[in-house]
Amino acid sequence: MLNKIKRWKNRSHSSDLQEKILEIKQQPLPSHIAIIMDGNGRWAKKRALPRIAGHHEGMKVVRKVTKLASNLNIKTLTLYAFSTENWKRPKMEVDYLLKLPEEFLGTFLPELVEENVQVKMIGYKENLPKHTLSAVEKAINDTKNNTGLILNFALNYGSRAEILEAIKHVLNDYKSGIMNETEISEEMFSKYLMTAGLTDPDLLIRTSGEIRLSNFMLWQLAYTEFWFTDVLWPDFSETHFLEAIAAFQNRQRRFGGV
Ligand code: IPE
Ligand code: IPE
Ligand code: MG
């Protein structure tokens, strides 16, 4: 199995890229990388294509970035795929976006299984179409015993709603006597969020030139390093990914200290 994975990794990157990878591996890597994959619509518009063509192209980048993250032994990769605000888009686009997980997993799930990737999801399952949810749940189930990269999809995810829901759960547990006031801490509160069990992101990447969070992981990003690029998501390459990690490695994280 291990040999199989090694072969797969080696043939998947050019020697130039391999060299950059080796260089990056010399220094500590971010353990959790989160990405706001933005700019698909503009990428398509630039080519006079429908917006969904950009989403389709973006899916290929998800595959490339996942492979590389896995190769780098990154522990967690969280990808913002659909926000609770994205329902505001035209129905046709929403339908397409919610078909992508199926399309992606339908094609690449065997690869993810072979690559020892564990699929996870954060976000509201309730109002997702059945076909979207069952594709994601199948992937989660098929990869649950894997021990490699955690590929965490933020799907129908919104951070403010997540925080409010956590507060309601805390209140309930308080009222029913499961916990008392003194037990309410940052560490405990984190366990009530959808990201329970995951570490906070060390590095946040957002593509397409937008410099905002768009309701993404507001609690979890408190001490994350941010890296923004004008590159549109469908144009985002392995080299850009390595560039972001190299930038992270040059940051001095102080967490409020000196
Ligand atoms: C990111 O690309 C994909 C999602 C938000 C689902 P966009 O669709 O937001 O592309 P732009 O920002 O309009 O270019
Ligand atoms: C953020 O991108 C959501 C995802 C990438 C899934 P948007 O394109 O929806 O964000 P805004 O509307 O520009 O803030
Ligand atoms: Mg956008």
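Cβ coordinates come from backbone N, Cα and C, glycine included.
Per TrEMBL, the feature Mg(2+) binding site maps to D38, E225. Long-range Cβ proximity for E225 (Mg(2+) binding site), meaning a same-chain Cβ under 8 A and a gap of 6 or more residues, is found for P30, D202, L203, L204, A247, F248, R251, R253.
Its Cβ taken as reference, D38 (Mg(2+) binding site) is surrounded by 22 other Cβ atoms within 10 Å in the chains shown. Summarising the annotation, TrEMBL assigns active site to D38.
Counting only same-chain residues at least 6 apart in sequence, those with a Cβ under 8 Å from the Cβ of W43 (substrate binding site) are G54, E57, G58, L232, W233, P234, D235. According to TrEMBL, the feature substrate binding site maps to 39-43, R51, H55, 83-85, W87, R89, R206, 212-214.
Neighbours of N86 (active site, proton acceptor), defined as other CB atoms within 10 A of its CB across all chains, total 18. The active site, proton acceptor feature in TrEMBL is assigned to N86.
Here the Cα atom of T84 (substrate binding site) is found 15 Å from that of D38 (Mg(2+) binding site). Nothing from the recorded positions N86, W87, L213 places its Cα within 10 Å of the Cα belonging to D38 (Mg(2+) binding site). Here the CA atom of N86 (active site, proton acceptor) lies 14 Å from the CA atom of L213 (substrate binding site). G41 (substrate binding site): 21 other CB atoms within 10 A of its CB, across all protein chains.
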